[in-house]
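K.L.:
Annotations per Swiss-Prot:
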ACT_SITE  HIS186  active site
ACT_SITE  HIS244  active site
SITE      HIS248  site 'Important for catalytic activity'
TOPO_DOM  1-18  topological domain 'Lumenal'
TOPO_DOM  40-54  topological domain 'Cytoplasmic'
TOPO_DOM  76-94  topological domain 'Lumenal'
TOPO_DOM  116-141  topological domain 'Cytoplasmic'
TOPO_DOM  163-187  topological domain 'Lumenal'
TOPO_DOM  209-220  topological domain 'Cytoplasmic'
TOPO_DOM  242-249  topological domain 'Lumenal'
TOPO_DOM  271-292  topological domain 'Cytoplasmic'
TRANSMEM  19-39  transmembrane segment
TRANSMEM  55-75  transmembrane segment
TRANSMEM  95-115  transmembrane segment
TRANSMEM  142-162  transmembrane segment
TRANSMEM  188-208  transmembrane segment
TRANSMEM  221-241  transmembrane segment
TRANSMEM  250-270  transmembrane segment
Amino acid sequence: MERGPVVGAGLGAGARIQALLGCLLKVLLWVASALLYFGSEQAARLLGSPCLRRLYHAWLAAVVIFGPLLQFHVNPRTIFASHGNFFNIKFVNSAWGWTCTFLGGFVLLVVFLATRRVAVTARHLSRLVVGAAVWRGAGRAFLLIEDLTGSCFEPLPQGLLLHELPDRRSCLAAGHQWRGYTVSSHTFLLTFCCLLMAEEAAVFAKYLAHGLPAGAPLRLVFLLNVLLLGLWNFLLLCTVIYFHQYTHKVVGAAVGTFAWYLTYGSWYHQPWSPGSPGHGLFPRPHSSRKHN
């Protein structure tokens, strides 16, 4: 006869626990939303500052020029010194794929939410197509330079024996080594991706300033791009410290910077180009009429 109150008390305790968990979940969601809002606002403000972007360009130059000096002050046996480390295989070797995936989603959301026009969205996304062409073209050019400047060597216990094989393909087919001037494609790609992502992400500050819709999904995609940009900076530093010869890294970074300048610094400002980031997205202030 006394089981009824006990069961009722148990159900009441369960309901209270469920309500408590519901309240806790709401608090956690509120905290996550607040952090997402605050983090995206601050990151947009930093990336949207022209002065800070110029300092960022100076930072990249300093990393490539002076970063190799750190090789004398770091542990050569660290995981980042291995060509087979996780970040090198999963991220650096596929840096353009990661950049296109994250940045493509950001550009798609920003442009379409700002204009609601498919044609304008496609035009802005075409910058990534140009970037892919730049990456493919640079890779082929680097291989051509290596072919034109190289020679074929056979590794022997006493050293290297020079062979007269005419090109890299026949040299490698014979089981030998082809040694030429190798421009660092990783340094080129990471430098190009860093400059490109910083340029594209800077638009978010204007987007927010114009009061355009900026829900949690868009802010999350933006912050993911910021995190990827930070990762590219870190991996660029690791690359210049642990891998490649000094001039190979400097030339790779210089070519990446030049490719960015030709596209974002010059061509994209022309009317027959894909357009610069933010072009045509925001209403211009009405200019005052001139009186005669």
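For all residues, glycine too, the Cβ spot is worked out from N, Cα and C.
I would like each feature placed in context: is it buried or exposed, what are its neighbours, and how far apart are things?
P.N.:
According to DSSP, HIS186 (active site) sits within a helical segment. Note: HIS186 (active site) has non-local neighbours VAL92, ALA95, THR239, PHE243, HIS244, GLY252, i.e. same-chain residues 6+ apart with C-beta under 8 A of its own C-beta.
Take the CB of HIS248 (site 'Important for catalytic activity') and look out to 10 A: across all protein chains shown you find 19 other CB atoms.
A mean pLDDT of 88 is what the model gives for the topological domain 'Cytoplasmic' (40-54).
Within the same chain, residues 186, 189-190, 231, 235, 238-239, 241-243 sit at least 6 positions outside the topological domain 'Lumenal' (76-94) and bring their C-beta atoms closer than 8 Å to a C-beta of that stretch.
Nonlocal intrachain contacts for the topological domain 'Cytoplasmic' (116-141), taken as residues 6+ away from its ends with a CB within less than 8 angstroms of a stretch CB, comprise 96, 99-100, 103-104, 107-108, 185, 188-189, 192, 196, 200, 255-256, 259, 263, 268, 274-275, 277, 279-281.
With a threshold of 8 Å between CB atoms, the same-chain residues lying at least 6 positions outside the topological domain 'Lumenal' (163-187) that come near it are 64, 92, 95, 138-139, 142, 145-155, 236, 239-240, 243-245, 248-249, 251-253, 255-256.
Same-chain neighbours of the topological domain 'Cytoplasmic' (209-220): 33, 36-37, 40, 106, 109-110, 113-114, 282-283, counting only residues six or more beyond its ends whose CB sits under 8 Å from a CB of the stretch.
Through the fold, the transmembrane segment (95-115) approaches residues 121, 124-125, 127-128, 131-132, 135, 186, 189-190, 193, 196-197, 200-201, 203-204, 207, 210, 212-213, 217-218, 221-222, 224-225, 228, 232, 235, 277, 280-282 of its own chain, all at least 6 residues removed from its boundaries and within a Cβ separation under 8 Å.
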K.L.:
Thinking of Cβ pairs under 8 Å, which stretch from 19-39, 55-75, 188-208, 221-241 has the most of them with the transmembrane segment (250-270)?
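P.N.:
Out of the listed stretches, 188-208 contacts the transmembrane segment (250-270) most.
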K.L.:
Using a Cβ cut-off of under 8 Å, list the residues of the same chain at least 6 residues beyond the transmembrane segment (55-75) that approach it.
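P.N.:
Counting only partners 6 or more residues beyond its ends, the transmembrane segment (55-75) has Cβ contacts under 8 Å with 81, 187, 191, 194-195, 198, 233, 236-237, 240-242, 246, 249-250, 253, 257.
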K.L.:
Take the Cβ of HIS244 (active site) and count every other Cβ within 10 Å, whichever protein chain it belongs to.
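P.N.:
So the Cβ neighbour count for HIS244 (active site) comes to 19.
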K.L.:
Going along the chain, which residues at least six beyond the ends of the transmembrane segment (221-241) come within the CB cut-off of under 8 Å?
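P.N.:
Non-local partners: 36, 39-40, 43-44, 47, 60, 63-64, 67-68, 70-71, 74, 80, 87-88, 91-92, 95, 98-99, 102-103, 105-106, 109, 184, 186-187, 190-191, 193-194, 197-198, 200-201, 204, 249.
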